[in-house]
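According to TrEMBL, the features are:
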- ALA67, VAL68, LYS69, PRO70: NADP(+) binding site (BINDING)
- 3-99: domain 'Pyrroline-5-carboxylate reductase catalytic N-terminal' (DOMAIN)
- 162-266: domain 'Pyrroline-5-carboxylate reductase dimerisation' (DOMAIN)
Amino acid sequence: MTRIAVIGGGRIGEALISGLLQSGHAVKDLVVAEQHPPRAAELAAEYSVCVSSPQDAAEGADVIVVAVKPGDVESALTAVSKADLDGEREQILVSLAAGIPTSYYEKRLPAGFPVVRVMPNTPMLVGEGVSVLAPGRHVKKDHLDLVRGVLSAVGKVVTVPESQIDAVTAVSGSGPAYFFLVAEAMIDAGVGLGLTRATASELVVQTMVGAAAMLDQSGESTTELRAAVTSPGGTTAAAIRQLEKNGLRSAFYDALEAAKSRSAELGTSSE
Ligand SMILES: NC(=O)C1=CN([C@@H]2O[C@H](COP(=O)(O)OP(=O)(O)OC[C@H]3O[C@@H](n4cnc5c(N)ncnc54)[C@H](O)[C@@H]3O)[C@@H](O)[C@H]2O)C=CC1
Ligand SMILES: O=C(O)[C@@H]1CCC=N1
């Protein structure tokens, strides 16, 4: 089995660990390096996962996953680099950090070391993530297949050229937060209309789950599905008119542009 070291046991590191274990990955083939001791203890207790230093974790791993904040990548990589790393051993580094390009790692790792940049998202926690892969210069087909195999255990896997990864970050990396925000706003609006918070939450969550399942399974476009709910002169048309009047569509254009720019900015500040 592929041995995986996760450097950084925060929200996305935990989502990956949890998703891999739920999909049948053996706990003995997972190790996490987490610098914050109480958090490390929490992960060990929750998942029975082995906790180690970044150096030791990287030493024995086939896949080294960097899951720290972009600003912590330098220190994490310095620690990882103390391990006896060797591209010849077919080790691969997978970076989940927003903004940090593969060239950043390639400059600092032994020559020829394969690096795959990945933009995951948190639904990997429940096996419904989407991980978008962008291979670095030294990545061969076998490396990419290995990373694809690992991440397909926790959701869908898509591959793009690295030039598209800032846009991907804006769409699917940050995307779950947009849906959570929409759900939050709808729940509050339902409460404003007199529903209890529990009822409003139940209705909104199930509506989101149902709508997502239809998008996924019906084969119909978003426009067709929306039209099917929108009766002429009806309630949905009245609501959508207000959403459009209040700039929902352009708010999303602006929001995703801001996220893409921020991802690019994180990259340039870490050259
Ligand atoms: N949270 C999300 O939805 C997504 C996050 N990402 C990326 O994943 C990375 C991690 O994000 P989060 O999990 O949200 O952050 P987080 O702050 O929850 O977790 C990062 C963890 O790394 C640990 N850490 C920092 N430096 C370390 C080191 N040198 N050695 C060991 N552990 C170290 C911290 O103590 C912390 O627990 C970021 O680069 C982010 O851009 C990517 C896609 C989605
Ligand atoms: O907000 C962030 O920077 C990270 C990257 C994508 C989702 N969360």
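Every residue, even glycine, has its Cβ placed from backbone N, Cα and C.
On the structure: features taken from TrEMBL.
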residue: ALA67; record: NADP(+) binding site; Cβ neighbours (10 Å): 28
residue: VAL68; record: NADP(+) binding site; Cβ neighbours (10 Å): 26
residue: LYS69; record: NADP(+) binding site; Cβ neighbours (10 Å): 13
residue: PRO70; record: NADP(+) binding site; Cβ neighbours (10 Å): 18
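Each residue in the domain 'Pyrroline-5-carboxylate reductase dimerisation' (162-266) gets a DSSP state, and the totals come to 89 helix, 0 strand, 16 coil. DSSP gives PRO70 (NADP(+) binding site) a helix state. Annotated NADP(+) site ALA67, VAL68, LYS69, PRO70; additional same-chain residues within 8 Å of its Cβ mean position, judged by their own Cβ, are GLY8, GLY10, VAL66, GLY71, ASP72, VAL73, ALA76, LEU96, ALA97. The domain 'Pyrroline-5-carboxylate reductase catalytic N-terminal' (3-99): residue composition by secondary structure is 47 helix, 18 strand, 32 coil, according to DSSP.
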